Structures are given as structure tokens and as C-alpha cells.
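To start, the structure under review is shown below, and the notes come after it.
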Amino acid sequence: MTRRLDQAQAQCAARGAQLTALRREVLELLLLRQGSAKAYDLQDDMRVRHGRVAPTTVYRALEFLMEQQLVHRVDSLNSFVVCNLDPGPHDHHHDHTMMLVCSRCGQVTEVHDDPATEAIRRALHVDAPGFHATGIEIKGVCGACQAAAA
Ligand SMILES: [Zn+2]
Ligand SMILES: [Zn+2]
């Protein structure tokens, strides 16, 4: 955990951004929730640790973490996930990321598959001229939920 947070801090520093103690803590809380949570869950966690916390505090920290590509928003669940790429100097093109979202348990898997997302983008370009896709979320049922139902 500490190593992961240190890596995130180094990644921010390399980009001239500062992972403050507060931002680092929000990232830690998200990791503690298996990497996926809604903003108000994180706010509850903050309240447990610090008492009263302004709602904007958590949102601002999440916004920063999203700018740094350490965290992504999952629109279909209205939640946030930790990026599954190791923080590092790589260029993370989030436009080329797909989110597989389980509609039963809410598990989110980030898939980095350039050819697949490229194919979808190309199709969109033909079918919906002028539409610029910025993220792809695919709804379905994860393996664990399928096994539980069988
Ligand atoms: Zn990512
Ligand atoms: Zn599931």
C-alpha cells in the first residue's frame, strides 16, 4: 500500500503536480475499498478518520486524482476506480481504455486493448460523424456473478 502510494506521489511529482497528504489519503481510502467506491463512501471514510469533512474536499481530491490519471470515473455506476496500470512514466491514454462494468456486483475491470477500442472508435467515426468518444464502458455480468448464478 505504502509503495503504491509512494509511486503515485512520484508520478505526480514527475509531472510537476503535488500529491498532498489529503489527496494521498483519498487515494488510500479508495484502494482500501478494493479500488472502487462512490464519492460518498469515501466521504464516510474521511468522516470516520477526521470527523466533519466538507463534501467538496473529497470531490476536489478526486478531480485531481483523475487529472493525474491515477483514478477514473465510471459514469454508469457514478463511482470511481483506481487505475490498474502501475504508476510510472508511461503515457496513459485513457481514451484507449475500456471499462467492463458488472451490473450485478458493480465490479469494474479496466482493459487496455488498443486494437479493440480503435475498432470501436473507427466504427463510431463512420456511424456518428463528428462524435468524439472519450471513454468506453461496457455493461455485463462478471465471471464471479455468472458462477454464483450457475
Ligand atoms: Zn487507467
Ligand atoms: Zn459481478
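Heads up, the Cβ atoms here are built off N, Cα and C, so glycines get one too.
What TrEMBL records for this protein:
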{"type": "BINDING", "residues": "HIS93, ASP95", "note": "Fe cation binding site"}
{"type": "BINDING", "residues": "CYS102, CYS105, CYS142, CYS145", "note": "Zn(2+) binding site"}
Message: Cβ within 8 angstroms of the Cβ centroid of CYS102, CYS105, CYS142, CYS145: which residues besides those meet this for the Zn(2+) site?
response: SER103, ARG104, GLY106, GLN107, VAL141, GLY143, ALA144, GLN146
Neighbouring C-beta atoms (10 Å sphere around the C-beta of CYS142 (Zn(2+) binding site)): 18
- line: The number of other Cβ atoms within 10 Å of the Cβ of CYS105 (Zn(2+) binding site), counted over all protein chains shown, is 12
